[in-house]
Structure formats: C-alpha cells, structure tokens
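Copied over from TrEMBL, here are the features:
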| type | residues | note |
| --- | --- | --- |
| DOMAIN | 27-134 | domain 'PH' |
| DOMAIN | 144-179 | domain 'EF-hand' |
| ACT_SITE | H314 | active site |
| ACT_SITE | H359 | active site |
| COMPBIAS | 460-472 | compositional bias 'Acidic residues' |
| COMPBIAS | 473-483 | compositional bias 'Polar residues' |
| DOMAIN | 490-606 | domain 'PI-PLC Y-box' |
| DOMAIN | 608-735 | domain 'C2' |
| BINDING | I649, D651, N675 | Ca(2+) 4 binding site |
Amino acid sequence: VEGVHLSVTSDLCVTPLGLERDADLQLLLVGGELLKVRSSSWKKNRFYKLQEDCTTMWHESHRTFKRNQTFSIDEIESVRKGRQSEGLQKHTEAHVEDRCFSIIFKGRRRNLDLIATSAEEARQWVNGLEKIISNMKKLNSQQTSEHWIFNCMRKADKNKDNKMTLKELKHFLRQINIEVDDMYAEVLFAKCDKSNSGSLEGPEIKHFYDLLIYREEIDVIYGKYATTGEQMSVKDLLNFLLNEQREVATMEDAVRLIERYELDDSAKQKNHMTKDGFLMYLHQEEGSIFNPAHKEVFQDMSQPINHYFISSSHNTYLMEDQLKGHSSTEAYIKALMKSCRCVELDCWDGAHGEPIIYHGHTLTSKVLFKDVIKAIKEYAFKTSEYPVILSLENHCTLEQQKLMAKHMISILGSALLTSPLEDQMPTAFPSPQDLKGRFIVKGKRLNKLDAVFSNTSPGVEEDCVSEEDEAAETSNSKTDSNGQKLAKQLSDLVIYCRSVHFSGFEHAKDNQAFYEMSSFKESKAVNLAETAVNAFIHHNMTKLSRIYPAGSRTDSSNYNPVPLWNAGCQIVALNFQTPSKEMDLNQGRFRSNGVSGYFLKPDFQRYPGTEFDPTTLTKGPWLKRKTFHIMVISAQQLPKLNKDKCKSIVDPLVKVEIDGVPADTCSKETRSIENNGFNPMWNETFQFDIQVPELALVRFLVEDYDSTSQNDLIGQYCLPLTSLQNGYRHVPLLTKHGDVIPSAGLFVHLMLLDAK
C-alpha cells in the first residue's frame, strides 16, 4: 500500500522492496567496524551488521556473559548525524564531526555513540538506518503483521531447511505469544500437511499462516455488509460507514477508501472491496479510534495563551530520580520531542564561572547551562511550532546570572522574547499563534512590566527579590529571608511570566498584573482545587498558574494532573522521565490538536461569570451528558513480557478508564484470557455515563493477569473522549514510555451518544 511492500524469500526472510540494490542498505548488510564511544578513555572498535531479516542489528560484544548481541530496529527512536549527542560532544574533538553519528533508543536505554572510518561511511550508515527505520514505521503504521510473523517463522526453523516440523511449529506458536495444547497443535499441523511428509513447506506454510491470522470477528462484520457476490460494493461500504462508523460520508469517500486500500486489482476495477482490503482499511488511520482530523491543529490558536492547557515538565534535566539521577541535555530533547512546551532549568553557580543545571544539594550530576540552551534551541520546534516557556529556578550569583542572560540572548537570538509584542503596555497575554517559534522566560523581575514603557524606569543593575513564591522546590534547600539578588540583565528577559508569591485569590485579583504568575506545590494546589475550585478557575481566566510535584517525591514520581486541569490550571508540570499513569494521561491530553503541546480549555473555564464547579456539577453549559458504550472485542499480537522464557505466555485482560470530573471518573475491566497474547477475544460490553465530556480522557490498559501479585503492564493508550471515533475501531498500544508497540492493538466497538 502506497509504496510499502514486503519481499518474502525462500528462507522466510523479510526485506523491503525497492531497497534490494540500495548501496546504503548493502553497507549495513555487509557490516563494518565502528568506534564505539563511552567516555574520553573508553573508545573501542566493534563490528556492527544489519541481519538479513532487515529488522535486527547484530553487534560485537566482548562481555563474557553478554547474552543478547542484537537490538531491534523498532527500538531506535532516531539517528543523529555528527556530534549531536551529549556523549560525543563531551568525549570527542570537533575535527571528527563528519565521521560521528548516534543511535538514540526509545525509553531509558543509553545512546549508542559511534565514529566511522570516513565521512562517507558515516553518511551511508546514517542514510541506511534512516531508510530501514522509515520502512519499519510505514509497516507498523499499517499494522502489517507479515514481516513480524515470517521473521518468527524463520527463527523457529532451527535447522534452516525452509520446512517446519511439529516441534518447530510448537516453538513458533510460543514465540508469537500463544499457548496451545498438544492435541490442537497436532490437528492444526495435520490440516496443513497435505503431503503427509511430517513437515510443512511452501504452500503448506502459507495455508498454516492463513489459518493463523483468520479473524472471526472481521468475518462477521464483513459478511453483514458484503451483499454483492460475497464482496463489498461501494454502496455496501458506504452503508457500513454511515450505519456502523456513524461518519458523515459520501459515495466519493467510499470510492477513495477502495482506491487506497483494496489490494485486488479486479475488485478495485469494479469498485468492490474484498475482506483483505476491508481489514487493511480498519488498520489505517480512518479505522483508528483517534479522529484523524485531530492529528492536525484544529483548535483556535488565537486566544490568549492562558486559555490553554500547556504540556509542562518538572525537573526537565533529570533522566531518573532527583537524589542521585543523571542530569542531561538528552532529557530536554526527549521532553521537547514529546511536545512539552514548558521546561524547567534549575540553575546554580558552576566551576570556571559557568552556570550549571542540576538538583541542588543532591548527588544528581551536573550539566552546563549553555549546553542545555543549545539543545533547547535545536529541538524546541521540531514537534510543535508553538512557544516554549523556559521556567528558571535561579540560585546563581550576580555574575553567573549575567552569563545566563548572555547565553540565552546569543544562542536563542531573535527567537527569544525580550520585549512585549505590542508597542504599548499590554493588557492581556498574546496567543500561541502570535508567539509561534518564540521562547518566553519565566522568572523573577526587578520591576513591573510598565517600566519598559516608562521614561522613569530605574537604572539599577541589581536588587533583591523575594523567593517566597516557589519556596525552593527541593525539600532540603532554604530561602534567604533577606531575598536574592537579581541581575538586571536576567530580569529584563522576563516579560509575560513574572514569578510572584501567591497571597490569596482576592489579593491576586486586586494587586496582581495579568503577566504575574504564581507557582503552587501540589498539596497547596490540590487543596485549592478541592476547597475553592471556582475561585481557582476564575483566577486562571486572566493569569497563568504553574503546579509542581512535592519535594518529598525523591523518586520523581508524579501526581494526578486531572483535578488541576479541572480547576483550569495551565502549567501542570510532571516528571516526564518517570513512566506512570499520570504521564499516560498527560500524553493523552496533548495527543490531540496536532501534538502542539497546547489544548484549548472549554468555554466554561475561560469566560467570566462561570459557576462551573467540577465537584458539585450544578446545572450549566458544561453538562453535556453522554452515554459511552464500548465493546472490547479482541486484541492482536500482544508482546511477550518475559522473552527469556520460551513457555511464558501472557494472560491478558483489558481495563477501560475514564478520567475527568469526579462524577465521570470510573474504571471497568474484562475477564482475563489464559495463555493467549496472539489473538485473545473478549466480546465484553461496558457503559459509562459522562457528565462533562470536554474534560474527560479515555485510557485503555492491557495487563497480564497474575493472581498472586500485581498485574504487569502489556500496553496502554489514552486520548480525549472528544477525539475518538464511533464504530468498529482499532486501538494502538504503547509501552510505558509512550512508544508504539509494533503490530499490537485492540479491536473495539464504540458508541458515544447523547444521553436520553
């Protein structure tokens, strides 16, 4: 489909068509020595080679007990050419720039920093890997399973004779996460062994494969609508789109789907869709649970910036916990690439006059402030073009503060906002649209913003400011009661986000300018959201609020962001480095609106006069009651959790959770299916009554059931309730780190209807 094909060779090897004679790919298949860099003193030559399956990389290892010398192409997040990783910048010289490249892995796995023997060889490695990664992403986006299944078959063929014995068949079934009893395996084998040779080969393997991927639920749905010679006519397909998928579709839409996804040319000429074409359609974005229209920016981006929820990170520099974790520019890159739009910089005096970033008074490692600013400059707008807020927690002396200002001005250049957008004193925030591609500094300021437009602006170079507002976010740091000295050069960079102490909603209403914002530790914010939520909502209509985790969370765990979003808080900062339900919810909230990192708050959280209270839900425009029906039908190709144990098969169950206002928050789950992660079926139906759909998130959780201990996570997916599509839909599954699990997914039927 659309240029993506598979070539299945006689030894069940999968290779991308169109790349067979590609010089870059051939280099990877032949392999070669590369210099692996871990530190200034650890640089070793190691042999790397792409295996014939074109999905796995083999590498030489000198570790005595190293069991696994391969990694999957699916584990790679990106490839960076040049000295673009923290390790290469720190441990190599500038003259090897054109020979360097880095493989960046998903999750917490360490980057692989490499140096080729020549610039041309480095270029070929980078180009070859990017081509293979691109092919894998296209295949995974189509949920195509052939490359994965045939690769498992190849591995199960122990003696490489291109045949499958009964023993090899059983081994293969365990590899793909399905446990069958011996009798069933023998029946399946005998059904395919037409030659009675005791092994399967050629067409017999194809027959076995067809039996394996057969999906009864698709047969039932397709058979209901295919009324034309056992195929779907364009009219049949339109009926399906209108009646089941509840889409506003036309005959032209049905024709377009046939042209795009039908594989059989003769059927396509008749404007028919076969069952294979129908299944292909269901696996594409048109058949996904997530509304394709919401993959792009679809909301009004011209509202004041405080009218949006803003994806925000706490302790952005940390890769792990906040006691002894590693600080790294990579943490900023990962957060920004996940569309985080507010990052934190915890700044302290460093050696040689250079400011550093780390978690003060702890054993966390340190990273140079200027290196962080360079990384932010490079990656800030690759995922989203909308503004990035630099939240400064400033502990530096005056001289190093001046250097901080100098670094930001010189590195960020014209993208750094250094004055209001207007030529006169502003009265409200500019919009994300107005601030595209700009950096906004949040921090202390010596004077009011009015001074920018006043002829009587004091010429002080430094002064004292109070530190009360953030109360030093670490539990083991103390505030100087006399205040902190602030350099004018740094102060002048604070325009729309001046940090001030919160003294109550009434005081803020009468004394706080719109650009003056407070930070709240989670306990205080949660208390306000419970005891004064309507006042909090009104406060956030004209001002920004930032929430941060308690200092006692030394393990960098997270708090629930939903009650704070319900209170209209915009900058609800989470530890992006910590996989958790809270981060699933955050990624789900900002999955919509083009992954821009900005999500427009509902009307009732933006306009004066609202009486919205998420805890009591008095009558008002926020009550748009819906009934949400969901049938969890089946799952496909769930990953094995314990790959080291051949006989370890998952017992999956599915949880469906609603997170929103307290009245809507609910969780329901299916029964577990024993020993089947390949194609388990549940056909279980749930109903949820939703009061405030605009604040509701839906989270799917697939777990491996364990009767004696906590269930293990297999995969998850979260999205706003308002971004889902009705009808028969596939749900992609993500790892705990938010990465797509290739080929795995749920199949569900959804109906979101107005409540009677």
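If you go along the chain as it appears here, the first residue is 1 and each next one adds 1.
The backbone N, Cα and C atoms fix where each Cβ goes, glycine too.
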Problem - Cβ neighbour count within 10 Å of D651 (Ca(2+) 4 binding site) - result: 19
Completion exercise
The rounded CA-CA distance in Å from H359 (active site) to I649 (Ca(2+) 4 binding site) is 42
Completion exercise
Rounded Cα distance, in Å, between H314 (active site) and D651 (Ca(2+) 4 binding site) is 36
Completion exercise
Within 10 A of the CB of H314 (active site), the number of other CB atoms across every chain shown is 29
Fill in the blank from the handout: Row N675 (Ca(2+) 4 binding site), column other C-beta within 10 angstroms, all chains, value 18
Practice task
Tell me, if you would, which residue among H359, I649 (recorded positions) has the fewest other CB atoms within 10 Å in the structure shown?
Solution key: I649
Problem - Secondary structure content of the domain 'PI-PLC Y-box' (490-606), with strand meaning DSSP E or B - result: 46 helix, 23 strand, 48 coil
Handout entry: pLDDT averaged over every residue in the domain 'PI-PLC Y-box' (490-606)
Key = 96
